[in-house]
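As written in TrEMBL, here are the features:
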ACT_SITE  532  active site
BINDING   492, 504, 532, 581, 584, 603  N-acyl-D-mannosamine binding site
BINDING   584, 594, 596, 601  Zn(2+) binding site
DOMAIN    53-390  domain 'UDP-N-acetylglucosamine 2-epimerase'
């Protein structure tokens, strides 16, 4: 710790020397409304407390200067900050056009102010339309921007504005780990992102010790007790104004029926706020004995009010962010905060379309006390932000850098490219055969090549390369453009690295094999590798019964038993790439030995190898062949002979198949109870023989809540090849990464 502190001091010293020993960082803080000031004020106090490092200029604009919204600029003056400039930028009207005009008016007025101030850096908060005007002006005038609370996710137009400001800003202060990851995903430079926490938490976490009863009585009346009143704060949703007004009306009706003292704050200046105020007046809220309607409460007093309230209701970000610090119950209405991280104190009523829903939520939440949440901060945000500001080197180039992920060079568009069929090379490494196919975007196998799978690693890899080169050359003749190579193989695979970690006993010399590098180097194409069971699931997702299904499981019934799990439209690999080894679900503690070394696995009962084993036992005891069957002397006994014998009435063979079907069915029941899919797809040569047995076991053994699952047989002729192709087609043609 001492080492890092000394390192930090040394870095700050170097930055001061680079910037000039006497140069103070000139910081412009622009605040637009009561909400953003609550986040900016702690930073402003911190900057003001270190005059040896900083010069502070305060610009006030937006709803701060409007009487209907409380003239909240006065609280900035009361905090003893000198306001350098007041800009009247709000065009009244409270509709969409007025918001646009307000942004335009701010853009007209801000250049003159910024020319006079000449700040080194401007601090902008959040996601309001006023903040977008500030960021746009600063960016175009080559002023560095520090954006507070970027990377968060919520509803309405605020999301788009927040991310637009992120793209304009040079430095970012975020509140949560998720927000930090979102910023990185948006290609922002990691070195310019600070995970500090929310600045308002610096004040919140020390606020509860103050005298609060006088504040509660001042705003709600002398007879009010703690935990026996409600704070309501609801804003219009600019992307659905009509619905948000209706929801506000329902909220007020529910609060009137609930009959508790309620402090209602006026909405913000967004489009639709005028109509919401009309609703308040139409219902007589300002004169109702249970209600106190106010335009503004100073932040210090507001946090005391919500800290000791019985409940907070509405759609303000304050409810899902700051109020969690006190454990106060919150009812979040509608979609305005969709995507925000919340503590357990928040009850969401997404579709607040009836008074009864809101009333029921009030009955559930009112008066509860939840554990305090520190999702958005630990009370030390401001020291981190000041340290971050001191580390900014003004001699670094102003031009932003974006950290884009590596991508392949663009292929120029020409008529041949447009007319060619986008396709994949699909490779299937089976225990017996090695197959390569050209597969089109629609799942059509244009051409297929088959060879016996060599026994050694060197011969196998050489044959794969030879067959892929031949197929790639042939693709030109059949007018197919190969986008990449997908490989389906048995065993455990690391798909991120394209490495077969270890394989089944059916494929020899196939452990710790890097397939991606040699094939990609030889063909100059991207290469994807995955387990054959996973590939079968991907084939169903793209071309089969699983298309459009959110959660389903595919079971392959062939030489072995395998499968894949699709959860929320994505394939599950597991922490060590061992997910969906469905053939090794144990269904009996003393069952037959499996190739994996365990006993009683599904594969030991229901795989082609297991059925062949039982068929040999019957044949050795002269119990296999029945009337209508014959075998040549040199013919090898297989699972097909067992199935044929059962169809011809061999009771021993019927019993073996019944046991195998029951074992598979029990495995499926375990899967249903674990991942709860809506669909089970049986694939492979044995699927038709097992489907009815599996359904019977589900009806007998499964919980009633999962018995409705659909069990179907795959209609795909070649799931391994189609799955390998989908590895390529899903990734090389998608537009969102």
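Numbering starts at 1 and runs along the chain as displayed.
Yeah, the Cβs are placed from backbone N, Cα and C, and that goes for glycine too.
Note that the structure is a prediction, hence the values are computed from the model and not measured.
Overlay of TrEMBL feature records on the structure.
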| residue | record | CB count, 10 Å |
| --- | --- | --- |
| 492 | N-acyl-D-mannosamine binding site | 18 |
| 504 | N-acyl-D-mannosamine binding site | 19 |
| 532 | active site | 26 |
| 581 | N-acyl-D-mannosamine binding site | 17 |
| 584 | N-acyl-D-mannosamine binding site | 20 |
| 594 | Zn(2+) binding site | 22 |
| 596 | Zn(2+) binding site | 15 |
| 601 | Zn(2+) binding site | 29 |
| 603 | N-acyl-D-mannosamine binding site | 27 |
Practice task
Compute the mean position of the Cβ atoms of 492, 504, 532, 581, 584, 603, which form the recorded N-acyl-D-mannosamine site, and then list in sequence order the other residues of that chain whose Cβ is within 8 Å of it.
Solution key: 490, 491, 531, 533, 560, 561, 562, 583, 596
Problem - Listed recorded positions 492, 504, 532, 584, filtered to Cα within 10 Å of residue 594 (Zn(2+) binding site) - result: 584
Exercise for the section: In whole Å, could you give the widest CA to CA gap in the N-acyl-D-mannosamine site formed by 492, 504, 532, 581, 584, 603? Expected result: 16
Completion exercise
Rounded Cα distance, in Å, between residue 596 (Zn(2+) binding site) and residue 584 (N-acyl-D-mannosamine binding site) is 8
Exercise for the section: Provide, as an integer number of angstrom, the distance between the C-alpha atoms of residue 603 (N-acyl-D-mannosamine binding site) and the residue listed as 'active site'. Expected result: 15
Completion exercise
Rounding to whole Å, the Cα atoms of residue 581 (N-acyl-D-mannosamine binding site) and residue 601 (Zn(2+) binding site) are apart by 11
Exercise for the section: Note the Cβ centroid of 584, 594, 596, 601, the recorded Zn(2+) site, then list each other residue of that chain whose Cβ lies within 8 Å of it, in sequence. Expected result: 583, 586, 595, 597, 598, 602, 603, 604
Practice task
Please name which of the binding-site residues listed here, 504, 584, 601, is nearest in space to the residue listed as 'active site', Cα against Cα.
Solution key: 504
